[in-house]
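**Q** Can you keep this structure in mind? I'll have questions shortly.
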Amino acid sequence: MNTETEGNGEYTNFNCNGVSGGAFGVEDSVKAAGPLLALVGFLVFPFIWSVPEALITAEMGTMFPENGGYAVWVSSALGPYWGFQQGWMKWLNGVIDNALYPVLFIDYLKSGIPALGGGLPRILALLALTIFLTYMNYRGLTIVGWVAVLLGIFSILPFVVMGFISIPKIKPKRWLVADVHNVDWNLYLNTLFWNLNYWDSISTLSGEVENPKKTLPKALLYALILVVLGYFFPLLTRTGAIPLQRDLWTDGYFSDVAKIVGGVWLRWWIQGAAAMSNMGLFVAEISSDSFQLLGMAERGMLPEFFAKRSRYGTPLVGILFSASGVILLSWMSFLEIVAAENYLYCFGMILEFIAFVRLRIIAPASPRPYKIPVGTIGATLMCIPPTILICVVLIFSSRKVMIVSLVGVAIGLVMQPCLKHIEKKRWLRFSTSSDLPDIQAATREKIKQIDSPVV
């Protein structure tokens with residue numbers, strides 16, 4: 001384990017930045033469905049999706065406190081082939097997601113710096129920002145953790161101020177506007193899903209945290225409360241304070257609302273906070289992605305060079321691979337990025353749910369420092385509502401997103417046998433860290449019990 005560790009506060013803020021980073025990005029829910037369904041969605045959706053995902057992350061993350069995270073969970077339950085598929089899909093999903101944040105950062109600044117609207121200045125700004133944020137991750141998690149704390153505070157504070165300024169202007173009847181016959185369900189569900197997922201991403205940093213068995217569940221609880229309030233309160237006050245014009249509620253509209261309710265100074269603050277929020281989301285995501293590759297290499301799923309650390313204890317190769325993917329994917333549009341990453345994320349979550357239930361069956365006695373207080377049947381039932389939601393999100397996806405995502409999945413299905421062939425031919429070195437426990441022991445023991453004749 002790296003000597004650099006994080007406490008509850010940094011870990012909580014890191015998780016908040018990995019999931020939310022502020023209320024930026026929720027505006028499309030109002031455009032898609034109106035104020036009432038948007039507010040109901042951000043109240044109900046966490047119970048259907050966020051709470052089960054956070055609970056499963058707390059149990060599995062403390063059961064396997066190492067950097068491989070969800071790839072290790074699935075590998076333990078379903079074998080190394082599916083563990084690799086989980087790691088590949090989640091890493092690809094994370095890289096696609098991270099391609100969004102430098103673009104949004106520049107977009108929020110271009111109203112004040114028109115030169116960033118396109119051309120060579122925009123390209124250079126994107127490259128410079130990506131390199132700078134990548135360097136921050138290279139320098140270590142202590143820096144990233146404190147940056148997450150500062151960016152989290154800076155991103156949330158203007159929404160609190162704008163909320164109190166909005167209160168005298170609120171008309172409750174504006175919250176009740178709904179037209180179920182005029183709902184863009186694809187945009188609505190993808191907006192909710194994108195804003196309220198990624199609770200499992202913190203698991204890929206478990207090996208870097210001091211006493212994750214205590215820190216992880218607490219950090220997830222605090223982050224869940226902060227994220228839900230951080231979305232619902234701004235949405236409640238803004239939709240109640242101004243007349244509804246659904247077409248205007250798109251990404252970045254909160255800055256216009258800030259000008260309406262508070263003036264130009266508040267608009268600039270919101271725009272600055274939005275830019276900083278995207279920085280926080282970027283550093284949290286690339287840290288999670290790069291340490292996931294390190295954890296997979298420590299388990300022998302990837303070549304050994306992915307497990308090499310820099311002098312700051314960070315996974316240099318993983319950081320470079322993740323940053324390169326971000327640069328290559330930055331051409332995609334906002335909605336295409338959101339839809340594509342959600343599609344891949346759905347496949348990964350299905351594997352996580354299966355692994356969670358299967359480990360309850362085949363390894364009931366394995367140590368679980370945090371265990372959800374339900375039995376195997378309860379664990380299975382808990383996974384049904386989010387699984388139904390996953391199916392709905394997949395059904396509403398466009399054909400283009402479906403094709404691109406399935407191609408990504410297919411690459412992973414072929415890549416794992418190719419890597420095994422490379423390992424067999426000894427073209428690259430693969431090894432499993434001797435410090436890690438045998439995650440296949442429970443599966444072998446269960447199979448042995450089944451195959452043993454009854455006396």
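Positions of Cβ are set from backbone N, Cα and C atoms, glycine also.
Feature table excerpt (TrEMBL):
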TRANSMEM  32-51  transmembrane segment
TRANSMEM  119-137  transmembrane segment
TRANSMEM  143-165  transmembrane segment
TRANSMEM  219-237  transmembrane segment
TRANSMEM  312-330  transmembrane segment
TRANSMEM  342-362  transmembrane segment
TRANSMEM  374-396  transmembrane segment
**Q** Determine which recorded stretch among 119-137, 219-237, 342-362, 374-396 has the most C-beta pairs below 8 angstroms with the transmembrane segment (312-330).
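**A** Per the Cβ under 8 Å count, 119-137.
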**Q** Any residues 6+ beyond the ends of the transmembrane segment (342-362) with a Cβ under 8 Å from its own?
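**A** Tertiary neighbours of the transmembrane segment (342-362) are 53, 56, 59-60, 63, 70, 73-74, 76-78, 82, 85-86, 89-90, 92-93, 96, 190, 193-194, 197-198, 200, 375-376, 379-380, 383, 386-387, 390, 393-394, 397, 401-402, 405, 408-409, 442-443, 445-446.
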**Q** Which residues of the same chain, at least 6 past either end of the transmembrane segment (374-396), have a Cβ under 8 Å from a Cβ in it?
**A** 48-49, 52-53, 55, 185-186, 189-190, 193, 342-343, 346, 349-350, 353, 356-357, 360-361, 364, 402
